Every structure is written in structure tokens, then in C-alpha cells.
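Undergrad: Once you've had a glance at the structure underneath, I'll fire off some questions.
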Protein chains: 2
Amino acid sequence: MTKGTQADVNPDLKKERLKCNFNIQEVTFIIDGGKDKTLQRKKIEDVALNIAASIDEVPEECLNLKERYDNAVRKSCVYSNIVKNELLEITGLEALGSPGLRRTADAFFKDVSPFMLHLGMFVPTIIGQCTPEQQAHWLPKALEMQIIGAYAQTELGHGTFIRGLETTATYDPATEEFVLHSPTLTSTKWWAGGLGNTANHCIVVAQLYTKGQCHGTHPFIVPIRDLDTHEPFPGVKVGDVGIRMGFNTADNGFLRFNQYRIPRENMMMKNAKVMKDGTYVKVARHEKLTYGTMVFVRVTLVMEAAFNLAKAATIAVRYSAVRRQSQPKPGEPEPQILDYPTQQHKLFICIATAHALQLTGLWLWRTFEAVLADMRKGDTDSLPELHALSSCLKAVSTSDSAALIEQCRFACGGHGYMLSSNLPLLYSFVTATRTYEGDYTVLLLQTARFLVKAWEQAESGKVLTPTVAYLACAAAKEKVVWSDSVDGMIRSFQAVAAGKIAACAENIKRLTKTGTSLEDAWQLSTVRLVAASEAHCRAMICQAYWHEVTRLTASCSASVKIVMEQLATLYLVYWALETTGDLLRYSTICESELNKLQLKYEELLALIRPNAVGLVDAFDFRDEILHSTLGAYDGRVYERLMEEALKSPLNETSVQSSFHKYIRPLAKGKL
Amino acid sequence: MTKGTQADVNPDLKKERLKCNFNIQEVTFIIDGGKDKTLQRKKIEDVALNIAASIDEVPEECLNLKERYDNAVRKSCVYSNIVKNELLEITGLEALGSPGLRRTADAFFKDVSPFMLHLGMFVPTIIGQCTPEQQAHWLPKALEMQIIGAYAQTELGHGTFIRGLETTATYDPATEEFVLHSPTLTSTKWWAGGLGNTANHCIVVAQLYTKGQCHGTHPFIVPIRDLDTHEPFPGVKVGDVGIRMGFNTADNGFLRFNQYRIPRENMMMKNAKVMKDGTYVKVARHEKLTYGTMVFVRVTLVMEAAFNLAKAATIAVRYSAVRRQSQPKPGEPEPQILDYPTQQHKLFICIATAHALQLTGLWLWRTFEAVLADMRKGDTDSLPELHALSSCLKAVSTSDSAALIEQCRFACGGHGYMLSSNLPLLYSFVTATRTYEGDYTVLLLQTARFLVKAWEQAESGKVLTPTVAYLACAAAKEKVVWSDSVDGMIRSFQAVAAGKIAACAENIKRLTKTGTSLEDAWQLSTVRLVAASEAHCRAMICQAYWHEVTRLTASCSASVKIVMEQLATLYLVYWALETTGDLLRYSTICESELNKLQLKYEELLALIRPNAVGLVDAFDFRDEILHSTLGAYDGRVYERLMEEALKSPLNETSVQSSFHKYIRPLAKGKL
Ligand SMILES: Cc1cc2nc3c(=O)[nH]c(=O)nc-3n(C[C@H](O)[C@H](O)[C@H](O)COP(=O)(O)OP(=O)(O)OC[C@H]3O[C@@H](n4cnc5c(N)ncnc54)[C@H](O)[C@@H]3O)c2cc1C
Ligand SMILES: Cc1cc2nc3c(=O)[nH]c(=O)nc-3n(C[C@H](O)[C@H](O)[C@H](O)COP(=O)(O)OP(=O)(O)OC[C@H]3O[C@@H](n4cnc5c(N)ncnc54)[C@H](O)[C@@H]3O)c2cc1C
């Protein structure tokens, strides 16, 4: 099932692997974040993937909704047992969110586990929002799977604007309880993963009322189903939200309360408390701390975007090495489609972007840990910058990754449209991450606020924080001198970002001067502000990516250094060519330099070509994790397509019942 | 179900409709191609949608594969009866592919009917490729649904490169039969819609062998299943290809032959014949005539892209009028998200693109009919130009439309991800049209061949055909003078296209001069050639769209003319801003003009805003055709989301069986 014997490998793939001129394992170590990480990951994979329970006899998409759900629960339970009984020994508790675990989960779940939010949001929120005593109460139960939780914030009527949530939690001092209530249809909780039929507990975000006063939204731990019978409690209406583009085994649910009571202790009280008598007490630094959790989740999503794009790139590159099509030279054999420059143009940027996002993610992670350490010392100054950075990185990485996964699918022609290629499911999963945990536009506008403020500081000569330090140079308002060296390109991208931010600030100034309110001026500039944020983010990724490549290949073999740098350069040149309009406006680049850049790009494609299969092999995905007929290590593409097709229930009988019921009567004119 | 009573309409939508300042019906007429077309369409809709059979009690996505298939067959049969018995009387035979029929079909099939290819490819191919005698034999049977056909060209191993097909049809003069055979796994026919379980006949494209010689690919009508029992004939292996991203009720199938015999008469003999003794006879103008069918199908796909994008725009714009979110001004109510300029930026280009593609499609249709008339007179000179044009239009329209449908989905936040919004299904359908009937890249490279040839003619001063006449001006190699008038913008887009084509031609020349073969030089230029083709296509769309708007609004009311022109201008300005790099290189546009253009764009968004709902109402989709909880005419968004959710089988019982089997044992540590 994994790499199989060399004998079975498609001869074209075999040749590709012989051509590869660098040490694949070295690149794997870099991508995993170090040799120790790779070894741990492989150990986890060996334990978890050594059992048959992860494999579906029939592809889960062939089942009906109930069967799919039940099958997903089955696998979730088996998987939870493996995690509890075997994996946590290897990794320790903090590794719950580790890439090693993340990867093995993907072998079990092509789509999403109904338990995902339990470990992904329920447990972390308990850690983040509960007092130590509350943690002592809830955490062991949650980790032992004695309770299963969901996280319900979004309502039918509100997602982005959390302050607008309508669910209320009103404190009743007589009984020392909170009364949860859903006053309107739009206040129905909607979307929470695991909530529909699985969870027996749920973190509910509601407007807190006590002593007749509203204190805004707060989280509560709410038991919703009987632990023994699993029946919803009276006053709780819970169910499935209906079918979705993806996430169809994630069990996204809705939830309504009718004057439903929970004990006072179920309010998560780390950041704010309600005393027995109903007095509300706020704990300091509430907001900045919540920032912290948000940043954590976003860093995870950046890595997730990289991870899934790497899968798509692996599938499409391997398939393109096996697929032969067309005859550009009469009489010669059909070339591997990987030999077409247009195909390389589609695919190599995907490999490079997976590297860029992964290394930027790891870098952000380290930065985040440093900020956390500062926070423990009481210093939260870097948090706004980190928040701004993580916002735009989350937005751009999920969006880029989704778009490029589609590009991988297109590159596989019709066969990419088969679900068994796994490309459609990868897309439907990643495109959702563009929306949840902060909508793309909304996040970029958050970053834009930070950028415009920073620009005003730059203009008034104040010291800038590291990620926006480049604004200082740009305040001089001269075009940056173009050069196609890596540094020159990064400086140009920064000049573009600075130029766009400055233009936004100017536009806002112009409008307010002529009598527009500041809010309206901001609104009227939002289309440009989004573009400015994107430019800032691109410059940041380019800088972080190159920085990390340099750092991480410092002690590598020469050939690894070369190929890693080729990819990173490709990324920079690609984005320069995508943004020629910006470069012409904010740098001195001229026609002949643009032509040179195009040639350089085409040269890089040719240079990377012989190492393409090696580069995707270096992502080191086991076949069980890729779930792809087109992308398996051995390249038995056509055999797998056929094998997978034959599993369809529609191939069980040679004639379907609808023939007798409808088609024949129709043909005989007797319908 | 349709427009309902005004009383039920969401108050925000009601206000939007009062704000609309133009006559909606006039725009509907323009889009349908004339008042008579609108009336006919409405008549068809009234007849076909007046029956309950089109409505699914349970959303079809809740069923398992077999149930879905059987349900799709049921509806196809009912629908075929309506078409046969009622609609053809209204429309006559040539209206089989008319937009009126097309629309009503969408009320029956959210996804795709297993009969689609029967009417869409099987029947047209009989008309196009059979002799009159053959037509007399096959056509009545096919139209009466006594036989149901599929069209199987693509094989596991070959899609784009038809000459590479491996299925053989070898003539045996002894029995006057063709022997069909699939010599390899990769020769398995794959993808044909309706083939899996539905069709009893299939047009098979195979390599024709007679008298020991191969004459290339030819089409054959092949009976594959017994008309009475529906069992596949001995020697035929047929089945379902497995689950796809969309098209899951289209019944895409695979097909293999083992020395399977069909009568000589089943070769489609309009363009080539095999005589009884095995002599092969070719009929003149074979290739150009096949071009004709291809152009026809592509024009249809352009209209299809427009049609589906219009649906997505309708859904997203109406939802954005109903949805209120965030609070940009403290203390004020949450605005309709349609009031955010970023939202307008996402959506108005979708309305404009739907117009652009629809009107360009209608224009192409007229052009095509003129060429057909010429062809009947024996003049096929315009065919290569039309072919080049239809190739790039098919590529760009399907690609734009798919990308913008996704943009509509993103604009609806989380709820857009619900299948009940219908946006995911619209996407999965349209994105497939990017691949079938010619892959995006391959088609653009075909157009590029024509363009480079035309450029060489321009350089040598020869007369150019109309759609590339602009190359003559550009051969002078001067930057075009920018102006933001409509004409100025169109001229600039043409200059961009010409500049890019010229650069490609130059690059090819440079490479061949230094010893590269012409084929290799072409290959090495393909990334640029694709971009040049795109630029040509964009210029063509801009020109045709503006031309048609001017023509069609000449006798309209002033307000209709204004709003149609605003939209068309938006389209041009949008693409100017998307391609500033190109404009800076190939026109004289400067920084201040770019700023002016950005302002103009933002002004257009504000001008279109009050008419946005009116503009999507003008697409005149009945709710039954939109299939959308978010897009229905009355805007009862949240009610519908809830109603639809409650139909899920996962909401039938309050506890799923997997709880008892897995979750409780896990919680008790007993799994
Ligand atoms: C697969 C999936 C899983 C999910 N899981 C969970 C979960 O487990 N728990 C949970 O609580 N939630 C969950 N969600 C909900 C998710 O968090 C929300 O969908 C997300 O926050 C976006 O909010 P929304 O859907 O209300 O979009 P909206 O905020 O309504 O956005 C709609 C449109 O309005 C625009 N818009 C909104 N505000 C502004 C503004 N101020 N300026 C400019 N434009 C604006 C947006 O850009 C977008 O185009 C999930 C969603 C999905 C799709
Ligand atoms: C939903 C759906 C329905 C379909 N229905 C039918 C049907 O009813 N009947 C039927 O016969 N077929 C059908 N098809 C098949 C369809 O026609 C093919 O998928 C299509 O022709 C593309 O061919 P391919 O899949 O072999 O892609 P390939 O040709 O293998 O393309 C794969 C990649 O190689 C690239 N490539 C290929 N050649 C070149 C070149 N010369 N230069 C540069 N790049 C190149 C492409 O751009 C693409 O990136 C259907 C397909 C789909 C998805």
C-alpha cells in the first residue's frame, strides 16, 4: 500500500526519481521543521496506520448520509483510542496538535472527523478560557472522551460580527444558574462542527446579562445531551445544518435554547466572572489574551494550507510525469505532460507556494512563541503586530492555497475531476478555511487598520515595529531601484506595499478634507485597502520564505541549497510577473528588465523540471494520507482509476431498477 | 413557490426593488435576445414547471448513489415526456437546444440529467455525421426515446489528443461488419455522460482499419445494451466511472469492447464511407465541416457560462441585500452587506460578466449563422477565424464564469458553503466545462496559432480578417495613446493583445535564429502564447459586448441605456485595472490616469448599487430554476436555510445508531 516494490512503479516515475539530483530526505527534514520532527512523525504514522480500521471498503461518498455519518463516528472512535492509548505516549500532551498527528488523522478521514472540533476547539478553549479549577474539572473528562464538545459561536444571523450575536445567557441569582435562550430564528447557532449529532457538550458564546445589564459576549460550557441516552435535554433543540460543499462528515450542527438552565460554574471564568450574587467581575487584559488564541489558530491554518497544497502538488506532479498526451513533434512519442512549459507554469508555483507557506508558518510559530514568552512576563506590546500579521497571512495563505489546489486539478484534465483523485475534496476543505476563523476580506481590512496606523507613524518619523519597518524607507516617496536579485525583488515588493498603503492613507485624507466622515472615507477606500494588505502580506511571505531558506540550508548539501533557492526564486519571480503593474508604478523596472524577468522565469521552470518529482516526494506523504488514484507513489494511475470505479454501488448490478420502472415504459410510449 | 405575494418579501429586498430606476423587462428582453424569445421562454416555463414531478421531497444529495441515480432517471423520463408531448409543439424541433428548454431542465435537475448527452451530443452528432438515409433510420428512434445514446470519445489514456485514441474498429468484409476492440486498459472509454447505466446505444470514436490500413478516428453508432432487458451485450463491458466532483447524476460511464461486432451501416458515413468490399472513401471538406459542429458546441458553452454566472450573481446579490453584518459606525444599525464597496467589487463584475458573455455569445451565434450560410454556398473561408475565436471564447468564458461563481460564493460567507445555496453545485458544474470540449490551455494555444499567423500576415502588410484587423495598426510598434473613453479603452486592450502576440512571434524568431527547432521554439513560448491569447480574447469580448450594448439599447428607454452602459463600462474599467502592467507597457497610460481610473471604478460601483437587485431580477430566474435558499425572490433566507436543514435524514431521529455502537463504549472506556 505504501511505496510498494520498485518493480510495480510506473517506468516514467522511476526514471524521474533517477534524474533527481538532490538528497530528498534533507528537504523532508527542512519541511518538517527538523530531523527529530520527521522521525517522530514517521513513528506516529507507523503506529497509527498499521491497522485496518482506517480503510473504507466502499468509498465513503458512496454511502448515504446516515451511513457516512455512522462510519465517520466509527473511525473517530477507533482513532481516538489509538491517540489515547498509543500516540500520546510517544508525543506527550502538547503534541495533540502536532503535524504528525494531523497527518495520520488524514489517513482516517478523507473529509473531516466529527470529533475534529472537540480536540481542535473545545479542548483548547477550555485551556484558554477556564480557571485552573474549571480546567481540573473539564479537561480530564474531555481528554478521556467521557464528554465530547463542540464550539458554537456563529449564528444564522451573525458570523463576522460577534458583538451582534443574539443568544442570551441571563444570570438568575435565585438558583445560581444561567438561563440560555434563543430569542429569534436568526439567533439559532449554526455551523458548529460535531454539534449536530455527536457532541454532548458545547461551548456556547452568548450575550451575558446579569443584574439587568448586558456585558457582551462570553463563553459557557453547556451540556446539551444526556450522557447515557444521548437524547437532547428539554429546552435544547439540536440537529444537522444540512448538506455542505465539504465537511459532510464534520457533523456541523444547529442549536436553539428555550429558557435552558446551566449552573453558574459553567461560565468559562478565566477572563471574567459572575459572582453568586450576580456581580460581574472582569479580569484584566481580556482582549489581548483572546488575541493570543486567535493567533494560535491562525498559525495552524497557515500550516494547514501549506500541508494540503503540498498534497495537491504531489498528486498533480506525479500524474503529470505518468500522463502522456499530444504530439508536438510529428512522429515522436507523446511527451509526459510535465514536459510542457505551460504545465510546469501551473505546477511548480504550487510546490514553491507550499514551501513558502510552510516555512512562513514555522517562522510565525517561532515568533508567536517568543511573543508568548514575553506575555508571560506581562509584556503584550508585540501582540497587535503579530495579530495584524497573522490576519493577513491566514487570509492570503488559505486563498492562495485553495486557488492553487484548483490549478492542480485543472492540470490533471478530466481525471482531476474524479473524486478519487482527491483534488476536489482537498479544495472543498481548504476553501472553507478561507471563510471560517475570519473571512478573507474582513481579515485583510483588520491588517489594513494596523498598516495605515503604522504609515502615519512612519510619516511622523516614529520608530516602527519590525514587520512594517520598510515603511520608513518609503515615506521618502521615491521609486525604489529595481534589481532582479532576491534582495532587490523583496525591496521592490515592500515598495509596492508601502506605495499602496500610502495611497490609501492619502485617499482617506483627501476625502475627509472635503467633508466626508472618517468612517465613510475608510469605507470608500476599502477596495484599495484590501489590495494594500495583500501587497504587504506578499512582501512579508517573500521575505520570511527567503530568510528561512537561507537559514535552513546553511548547513545543507550544496544540491539541496541550490534546489531550495531555485524554488524560492521562482516564487519571487512569479509574483513579480503577476504584479508588473505595481512594479512599474512603484519601482524603476523597465521594459527590458521585464523581458529579462520573463526569460529568467522560463529558465527556472526548465531548471526545476528534472527535480520536480523529487521535490514532491520530499513532502513524504504516505499513500494512505494522499488518498489519490492519480498521486500514489507507484504511479499506477489507470489501474487505480478502474479499481476505484468498480467499487461504486452503481456497478454492483448490470441493470438498475429504474430501467424497468421508467426507461422501458418511456421507450414503449407507456409512461 | 415563484414570486409569492409581495407581503412575504423581505423588507430590505422590497425597498431595493422600489429604488430600481429602470424598466426591468426591457433588460430581460435584451438578455433573452428579444421580446419574442422572452415570451416563448415564459410559455415553456409555464408548461413545464406546472407539474410536481420536478420537485424532490428529500434533497437529492441526501440519497445514496443508487437512489440518486434512480431518481434522476425518473425525472429524466418525466421531463422527456413533457418535451416530446408538449414543448416541441410550442417550439418546433430546432428549439431542442433553446434557452427556454435549457432553463426548464434546470428546474428538474439541480445537477445533470443522465439524458443530457442524448439530446446534447448523440442527436446532434447523428444530424452532423450521418447520411440522410442513416438519419432517417436513427433520428426518429432517438427523438421518440426508443433508443438512448451516449457519446464516447475520451478514453482513460486520451482526451485532448484524439489521434491517440486506441479503440479499434476493424472492417471484416466477410460478414460486412466492424469489429470493435479495446486492446489495452488505457483504451477503455471513460467519461461519456449517460453511458454508465442509462444508454443502450453509444457513438464510439475509434481508429478505423480496413484492408490492413488505418484511416484514423471515425464515429460509429454502437448498440451496447439489449433494448428489452437492458443487459450489456456479450463483448461489451460497461459501467459507472465512480464519483465525481459534480455530474453525479450524469451517469458518466466506461466502456470496453472485446472483439465486438456491429453492422457496416453503423459507421456514420456522411464524411467518409467504407464500401462493402472494404474500400475506404473519403468525402471532401471533412475537417472543416467537423470544425462546424465544434464551433456550435462552443457557442452553446459560452451561453451556458453566462447563464450559470447570472444565477450565481442573482443569488449573491439578493442575499447581500438581505444580509446585515458588522457595525462600521458605532451606534448605527448593521448595514446590508451590499453597501460595502468590497462587496460591490466582488459582485457587480459578476453581473457585468454575465451580460458580457451572454451578449458576446449571441453575437457569436449570429456570426456563426452567417458563416453557416456561406458554407452552404461552399465558402468555408471564415471558418478558421471563427474556430480560433470560439476556441478562446470557450476557454475564457468558462474560466471567468467559474472563478466568478466562486467569488459569489465567498461573498455569501459561511452560508454560501451550504449546498442549499446552490452555489457549490453551480461551481462544480461550470468548472467542468473548462475541461470538456477542449481543455483551457489547449484551446488558447489553438487560438495562438491563428494569432501568430495573422501577425505574420500583418507584418507583411497582408489584408487581415475582421477579428484580427487591429494587428495592422499595431505592426507600427508605437504605444497606443491611452484614453478612458470606451473606444480608447478597447483600442488599448487591442494594443495589449497585439503587443503580446508580437512579443511571442519575436521570441519564436529569436529562438529559431539561434538554432532551436520551430517546434521547440513554439513550446518554449507557450506560457506567453497563452497570455497573448487571453489578451486577444479579452479585447474581443470588450469590443463585442460594447458593440452589442450600443446596438441593443439604441431604441430602449434612456434609463435602460444608462444602466446597461454603466455595467459595460464597469467591465472595461475593471479589466483595465486588472491589467495595469500590460497597459503601462503597451499604452501611454500614466500614474495620474491610473488614479483617475480607480476613482472612476469606485464611482461606477456607487452608481450601480441602487440598481443591483433590479439588474439581477432582470435575469428573470424562477425560484424553481435557482434552487437556492439564499437567492429566492422573496429573500426568506433564514427560514429557507432552516427548512432545508430539517429535510436531512440526519434530523429524522434524535440519536444515531453509532452513538450506542461507538460513542458510549468509547466514553466508558469499553471500545
Ligand atoms: C465549514 C465551516 C465550518 C464552520 N465551523 C464553525 C464552528 O465550528 N463554530 C462556529 O462558531 N462557526 C463555524 N463556522 C462559521 C464561520 O466562522 C463563519 O462562517 C465566518 O465567521 C464568516 O461569517 P459569516 O458566515 O457570517 O459571513 P458574513 O460575515 O455574513 O460575510 C458575508 C460577506 O460580507 C462581507 N462582510 C462582512 N462584514 C464585512 C465588513 N465589515 N466589511 C466588509 N465586508 C464585510 C464578507 O466579506 C462576506 O463577503 C464555520 C463555517 C464553515 C463554512
Ligand atoms: C464532467 C465531464 C464530462 C465529460 N463528458 C464526456 C463525454 O460525454 N464524452 C467524452 O468523450 N468525453 C467526455 N469528457 C472528457 C473530456 O472531453 C476530457 O476530459 C477533455 O477532453 C480533456 O482531456 P483529458 O482529460 O484527457 O486531459 P489531458 O489532455 O490529459 O490534459 C491534462 C493536462 O495536460 C495539458 N495538456 C495536454 N495536451 C497539451 C498540449 N499539447 N500542450 C500543453 N498542455 C497540454 C492540459 O492543459 C492539462 O493541464 C468529460 C469530462 C468531464 C470532466
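Placed from the backbone N, Cα and C atoms, the Cβ positions cover glycine too.
Checked TrEMBL, it gives:
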type: DOMAIN; residues: B:23-148; note: domain 'Acyl-coenzyme A oxidase N-terminal'
type: BINDING; residues: B:T154, B:G193; note: FAD binding site
type: DOMAIN; residues: B:291-452; note: domain 'Acyl-CoA oxidase C-alpha1'
type: ACT_SITE; residues: B:E437; note: active site, proton acceptor
type: DOMAIN; residues: B:487-667; note: domain 'Acyl-CoA oxidase C-terminal'
Undergrad: I need the CA-to-CA distance for B:G193 (FAD binding site) versus B:E437 (active site, proton acceptor), whole Å please.
TA: 13
Undergrad: What subset of the recorded positions B:T154, B:G193, B:E437 has a Cβ positioned less than 8 Å from a Cβ of chain A?
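TA: Listed recorded positions meeting the cut-off: B:T154.
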Undergrad: Do me a favour and check the Cα-Cα span between B:E437 (active site, proton acceptor) and B:T154 (FAD binding site); whole Å is fine.
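TA: So the alpha carbons of B:E437 (active site, proton acceptor) and B:T154 (FAD binding site) sit roughly 10 Å from each other.
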Undergrad: With DSSP assignments reduced to helix, strand and coil, which class does B:T154 (FAD binding site) get?
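TA: SS state of B:T154 (FAD binding site) = coil.
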Undergrad: Using CB atoms and a 10 A radius, I'd like the single residue among the recorded positions B:T154, B:G193, B:E437 with the highest neighbour count.
TA: B:G193
Undergrad: Provide the three-state DSSP residue tally for the domain 'Acyl-coenzyme A oxidase N-terminal' (B:23-148): helix first, then strand, then coil.
TA: 97 helix, 0 strand, 29 coil
Undergrad: Restricting to the domain 'Acyl-coenzyme A oxidase N-terminal' (B:23-148), report the mean pLDDT as a whole number.
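TA: Averaged over the domain 'Acyl-coenzyme A oxidase N-terminal' (B:23-148), the predicted model reaches a pLDDT of 88.
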